[in-house]
Every structure is written in C-alpha cells, then in structure tokens.
Amino acid sequence: MVNIHKLVLGTWKIRYKFHFIAGILLIAFVIPALYLTGDSRIFLEQQTTPNDSIPHCDLFSGKWVYDNISYPLYKEKQCFLVEDAFACEKYGRKDLKYQKWRWQPHDCDLPRFNATALLEKLREKKLVFVGDSLNRNQFGSMLCLIEQSIPPSSSKSLIWKGNSVIFNITHYNATIEFYWSPFLVESNCDDVADHRVQTRIIRVKAIEKHARQWTDADILVFDSFMWWLMPKITLLWGSFGSPDAIYKEVGTRYRRFEIALNTWADWTEFHINRNRTKLFFMSLSPFHSVADWGMDMGRNCYNETEPIFGEGYWGSGTDPGMMKAVESVIHKLKTRGLKIEYLNITHLSGYRKDAHPSVYRRYFVPSTEEQLANPESRSDCVHWCLPGVPDVWNVEQMTSTHILVLGPWKMKYNFPSIDGILLIAFVIADLTGNRGNRLFLEQHRKTTGRKDLHYQKRRWQPHDCDLPRFNATTLMGKLRGKKLVFVGDSLNRNQFGSMLCLIEPSIPPSSSKSLIWKGNSITFNATVPLVIRWVSFGSSDAIYKEVGMRSRLYEMALNTWSDWLEIHINRTRTKLLFMSLSPIHAAGEDWGMERGQNCYNETEPILNEGHWRSSTDRGMMQTVESVIQELGMRGLKVQ
C-alpha cells in the first residue's frame, strides 16, 4: 500500500456499514503500520568464639586448606547410602587426600557441621533436592552427613517412587528427597532409568507435572545447568505425542535456559508458601574435562591429587552467562517478594580438579580394563567423590539458612493455561487457506435501533499531519496471497469486523467470498483471507490458583507470548503489531456526569485533550511496552 517509511495511501473511500467506529479508528493506524529458623545457630555446632560475622561474611570467597584432623566429616565405608557413582574409594581410588580439604572463607570460619542439630531442625519437615545428577550428588552427601547421627532405635528407609528417591527418618518424622528433573521443566529426559536420549526435547512452558511433587516441601534446593550445554536442543510447545505439538530446534543456549527458568520462576512465585518454604538455587557445578590449568592437551581430571591454588582461576567448565541468567531471574523474584538463596558454589568448586570420580566409580556398569587403560576418554570429571566437595555445599547451604518458619496458604489459578498467544493483533504473510463450517455473523446484519448517527462521522485529526484516506482496493492488492490475522479478545474481533466492512465493497463481484467458523477462528475467504482467533485452554492435569495480581498475571502471559514469537516468527516475512488498551466508558463521573451514568445516550466525544479514564490501566500498558522493548533488544520488532 505504501512504503513503511511513508504515510501515503491515495484516495480513501470510507463506507460506514456498521457501527464499529472504535475498530475503524484502530484500522486507520494498523494499515500504515502494516507496511511500514529458628535462629542463627542453624544446623551447626556452636563455637566458643562469636559467629555473628557469618551472616555478613562472603562464604564463597576463600581457599582450600588441607585438614586431615577434622576432615572428612564422615567415612565413605561407614555411609551405607553412598551411591556407587560417587564411591571413589570403594572402586579403587588409593589417594584419599581429596577427602581432607576444608573450605576456608577469607573473612570468617565455617562452623563444623552438626548432624544432630540438623536432624532436630528437620523434625516434621521435608527437604527436597530438585534437579539433575549433580543435585543427586548433593543429596547423597546430605544422607551421608546425617546417617551416623540417626538414633539406632529409629527406623529409616530409602525408597524409589517415580522420579523420587525418598529417605524417611521415623524418629524425626523427617524426609530428605531427591527429585529427578534435569531441566526443571518437562522433557523427554525425565525417565530416571532411561534418560540418555539422542535428541533432547523440552516442554519449556510445562512444569506442573514435576512441581506438584515438590511444591509442599519445607526446604527446596534446585539445580539445572549441565543438561543445557548441548549445542542444539529442541523446544516443544504442546504435549508429547500431540498432533498439534510444535517443535523448534534452538541453538541459543542462554535464551532457551532463560525461558525455562521463567516458567520455573512463575510457578514458584504463585505456588510456594512464602511463610513456610525456604528456597535455594545452586550455581553451576564446574567440570574439569579439559586440563586448562596448565597440563598437556588431552588431559583431564584423571590422576589429579591437588586442588588448583591460583585464586583467580576460572576454567572452561564454567559458564558465567548461564549463571547471570539465574541471578537475573532470582533478582526479579526478589523484587516480587519471593526470596531465593543463590548459593554460588562455582568458584570454590572450580579449584577442585582432584575431587572427581574420574574412573573410580560404577556408573551403570563398572569400567573395563580397556577403559581403565585409557582414562582420559572414560573419566567422569563432572560429578564428585563422596566424601568431598558437595559436603561443603551442604554446610554452606545450612550456614546460609537463618529462618525456617511454617504456615499454610491457599490460592486458585489455572496456571498451565498460560501456554499460548494472548492479547495480540499481528500480521502473517503467505496464505495457506482454511475451510470449515459456514457461519454468518447475524449480529452484523441486524439493526440495533440507534437513531443518532453523529458517532459515525467523527474523523481523527493528528496535530502535526493529516491521515491519508483509506483505499480498500490498494489494500486488497497489497494483501494478495497473504494472510492477516487478528488474535485476541472480542475487541480484536471488533477490529476484525471493521476490517471486513472496510474492504467488502471493493471486492470484485466476480470474486467468490465466504465467512467460515473453524474452531476458535472466523475465516473470511475472498480475494483477501482474514482470520480472527481466540486461543483455547484446558488440560486434564491443570492446577488451579486464584490470583489477584493482575499486572503479574498479564506479564506472565505476555512473556509466554513473546518467547513464542522470538523462537517461531519468521523475522524477514512477518509484520507484528500489538494494540494498546481499548478504554471503556462505564463510569460517567469520569467525564463530569452523575455517578451511575455511563455511555448510554452519549452523543458527543470528550473534547478535553488531557482526559484519562479510570478504566485506562497505565500499568498494564507499561507492561506491554516493556515486553515489546525487550523483544526489540533481541532483534524482533513489534509495533
């Protein structure tokens, strides 16, 4: 119709066939744009020296000190719960110095771990580790730390249940649990016994299947990094096996990770009991698969017996970008009133090239003699021997825990429904066509009885320019072979109706045309196909939460929408537009009428240019602007 940089449309010919004036005014702007804890003692021994500095001490800045007197905190052979994957001594490792290094913060001392005090604090409570095998590594450390302090008279059990490994301690009525969820959200890697798949597929907007298993915990410890490091991962919108599922292979590591983190964050924000549940997120656990600490090319953690002592060391087994993504999401949650302790164990763990199992473990099957002869190709330089580094994680986690208070809450909201495109008008090029059952919009064909027609004859006049007149024939030519879609609510349907009325008289008589209803769409097929669609919701696994925070709910939905667009929209082909809030006029006192009056019998516009109605929610408008600005920063323009 016009160049995107110009507002030249030619001759307009406006015929008002219906009273969709609001829609017509909106179209006038769309068309040019279209082209254009108790206490501070916590689970640790009291020391004779004051420990007031601990809450203000950076526990993660320090060095490793060899301590063969007080370390290890337990003996591997005395921990019957240690898994074979982490039992390095059992599987042949002879040098045991890796067990005797103690983390020493620069500005304070870590009190010695007191398992009895921890067990008492866990009485009647549930501690859950949620994540991948590194979180299971930490879970195993926790069991070994407390096992010897459980009274002999207390029964205890370790059971598998679905994705969970559950350790029950009858004497304390306490539960320590590991829940397998390597991406936090749902994926095709969720089967504990069979998760080594060729292509990783992630439902980045689905977390409820997992979350319902751990939301009621008193302490939650999350981790998710290692499984995201594949060069390409397929993201899934929809359900596994669904004919409507949409798959997209995405190589941008940070964005796919961030999308999943936002799904996790939205869930925790609305479902976690803030008065009861303590939340932790573990930072990236570094691996030492490449000897970038001064060894020969091809070497790794195998045969390493000392930590790295250079305090500034950052190895290739870390990813600061992914760490920043987590920190950003946690910061946003904090601004919304949900506190999560971020335990930055990356730097301190990065020094410990000596503490991995390498070949000294049983993972599915023991290492063969041939594999032992070529350790560089078989070494596990990702997980950690026990006793070892995860013990320090647990001690620091408990040192960071100042308060554990309990109390219930209850809400209701259908969270899983936020899994589609909401509240948008956008344009898609290249028509494929739709067919379905014919529907005539009878409301368009009836006379409503309004006699005063001044409302039809108002023209919008910008202060600094003139709007060119609408030319339906030119528009039809521009839309030839293309598809224009209005997506949203009844106000967008209002605008859709306006568009049909604007172009209908210019459709050649020789052209066939039809109006069809198909699912949530009304499709008008003529020389130009036009569609309006309302996205449908519903799931048999739906979880309901009633939430009154309008702006946050709106923001969550917009983020889902923006994530979809960013990954799926063809940026060289598709033009995107978002309509701002359409105001209502239900309160006459806004424009000087008596209370209780509304738009009924109003025949003139409000002429005061500074007028803002009470129905206009500037906060929601700012939310849209913010999301659109973020999309622009990621290279996707939405007008």
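Backbone N, Cα and C atoms are what each Cβ position is placed from, and that goes for glycine too.
Automatic prediction, not curation, is the source of TrEMBL annotations.
According to TrEMBL, the feature transmembrane segment maps to 20-38.
Taken from TrEMBL, the feature domain 'Trichome birefringence-like N-terminal' covers 56-109.
Under the heading domain 'Trichome birefringence-like C-terminal', TrEMBL lists 110-394 (among others). Looking at the domain 'Trichome birefringence-like C-terminal' (110-394) alone, the prediction's average pLDDT is 91.
Residue counts of the domain 'Trichome birefringence-like C-terminal' (467-514) by helix, strand and coil are 24 helix, 6 strand, 18 coil (DSSP-based). Annotation comment: TrEMBL describes 467-514 (among others) as domain 'Trichome birefringence-like C-terminal'.
Across the domain 'Trichome birefringence-like C-terminal' (533-629), DSSP assigns 35 helix, 3 strand, 59 coil. Annotation comment: TrEMBL describes 533-629 (among others) as domain 'Trichome birefringence-like C-terminal'.
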